[in-house]
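This is the structure, below, for whatever I ask next.
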């Protein structure tokens, strides 16, 4: 094995019978889900994107599909890292709301202005729809070199929308105007392919239902624990069939979400350490540099070798809709030992598709590329089925199995307190109020003459700090 520097990652009962739905999207029309098959392009390293036409006359842009945020935003000014942008001045149907909005992601941020315009999708729901859209005027580490998308489509709940949940999300607008069911599904086909390749890997975003040709076997559903991110409940992890034996609450600290906008499988620090130790222990590699596990180094093998046989499979157990049962989704090493670049004619280098996280377990593209994932908002559940495109060298690289009993885990693995933004705001206001009361008491004490009043003389010094509290209140 040759280790080389670099390779840090760029920075979401078996149901059965879930067939495609015939439904009205326009008078007398139906949604043709097959028309949405392979409407995505991209890769797990830089995201999967959908072509959209925005404004009048239409301007074509590629939009990143992100189930971990809720704003629809596009580049609104030229940027060195984007090849196209939306020029609002050229659209006769654009209406500015004049409201500034800033969105911060785990990596990167942008600031823009809210407005509305008409949007159509060449390979989506038929028709044009008026959508809230933020035009990005400034950004930092958001548009990255080499990306082929020009904006982001946030498909999570309005709770996460900025500047407030009153901003109707893209998908909520689509459900209301096109009268489609409140469900969408996502397939990303980059398994075993370079994570930053040509950017032409296929994928499908099916709006309004489920397309049977995109999965095999049964769909297994897990409840959405809370409607902000697509938060789910993870019961345990196994490496090479061996349970990590952690308290199940460790897997959900402080949340576990399904997020297509995150490239890797991200694990809470304690879980990440346990997974790395288990992989290192069960792999056929006796000594392996720590830099590979932390993402600072790539591991390189001769191109004739397939290193995946050296590593174990990874299984994630999710609670079934029947809470006394669970099912597991498993990914083979072809999904988490990811080819990233070739060196010369002989070496192929790989990165570790798992990283540590300080605030969530994130089922990102590393895992999602193995499955057809159904976001059934109407029934508050996320479904997983094996994706037929999740193959490497002609063999499947993902599995779903169940049901299993949940007798060996706690009845609730999710903290009863969800520390997301509304709660944080309430806590912040409460602390500010408390501080205000304390400062008010101090001011009153400063203003009330003491019984033994001290009279200042020429030798007394009154510095600025003595009245700092009163100055701060002004």
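Even glycines carry a Cβ here, placed using N, Cα and C.
Feature list, courtesy of TrEMBL:
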type: ACT_SITE; residues: 66; note: active site
type: ACT_SITE; residues: 259; note: active site
type: DISULFID; residues: 189-389; note: disulfide bond
type: DISULFID; residues: 248-413; note: disulfide bond
type: DISULFID; residues: 300-349; note: disulfide bond
type: DOMAIN; residues: 48-385; note: domain 'Peptidase A1'
type: CARBOHYD; residues: 322; note: N-linked glycosylation site
type: REGION; residues: 1-20; note: region 'Disordered'
type: TRANSMEM; residues: 423-448; note: transmembrane segment
Restricting the comparison to the recorded positions 300, 322, 349, 389, which residue's C-alpha is spatially nearest the C-alpha of residue 413 (disulfide bond)?
322
Rounded to a whole angstrom, what is the C-alpha distance between residue 389 (disulfide bond) and residue 66 (active site)?
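Computed Cα spacing between residue 389 (disulfide bond) and residue 66 (active site) is 20 Å.
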Within 10 Å of the Cβ of residue 389 (disulfide bond), how many other Cβ atoms can you find? Include all protein chains, please.
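Taking all protein chains shown, residue 389 (disulfide bond) has 19 Cβ neighbours within 10 Å.
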Please name which of the recorded positions listed here, 66, 189, 259, 322, is nearest in space to residue 300 (disulfide bond), Cα against Cα.
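Smallest Cα separation from residue 300 (disulfide bond) among 66, 189, 259, 322: 189.
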Taking Cα atoms as reference points, which of the recorded positions 66, 189, 259, 349 is nearest to residue 322 (N-linked glycosylation site)?
259
Whole-number answer please: how many Å between the C-alpha atoms of residue 66 (active site) and residue 349 (disulfide bond)?
27
On average, what pLDDT score does this prediction assign to the domain 'Peptidase A1' (48-385)?
93
Of the recorded positions 189, 248, 259, which sits closest to residue 349 (disulfide bond) by Cα distance?
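It is 189, whose Cα lies nearest.
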Among the recorded positions 66, 322, point out the residue whose Cβ has the most other Cβ atoms within 10 Å, with all shown protein chains included in the count.
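Result of the Cβ crowding comparison: 66.
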Would you kindly give the Cα-Cα distance separating residue 189 (disulfide bond) and residue 248 (disulfide bond), rounded to the nearest Å?
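If we compare the Cα positions of residue 248 (disulfide bond) and residue 189 (disulfide bond), the gap is 30 Å.
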Can you tell me how many other Cβ atoms are located within 10 Å of the Cβ belonging to residue 349 (disulfide bond)?
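Other Cβ atoms within 10 Å of residue 349 (disulfide bond): 21.
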Run through the Cβ atoms and count how many others sit within 10 Å of the one on residue 189 (disulfide bond).
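Residue 189 (disulfide bond) is surrounded by 22 other Cβ atoms within 10 Å.
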What is the number of other Cβ atoms found within 10 Å of the Cβ of residue 413 (disulfide bond)?
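For residue 413 (disulfide bond), the count of other Cβ atoms within 10 Å is 22.
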CB neighbours of residue 248 (disulfide bond) within 10 A?
20
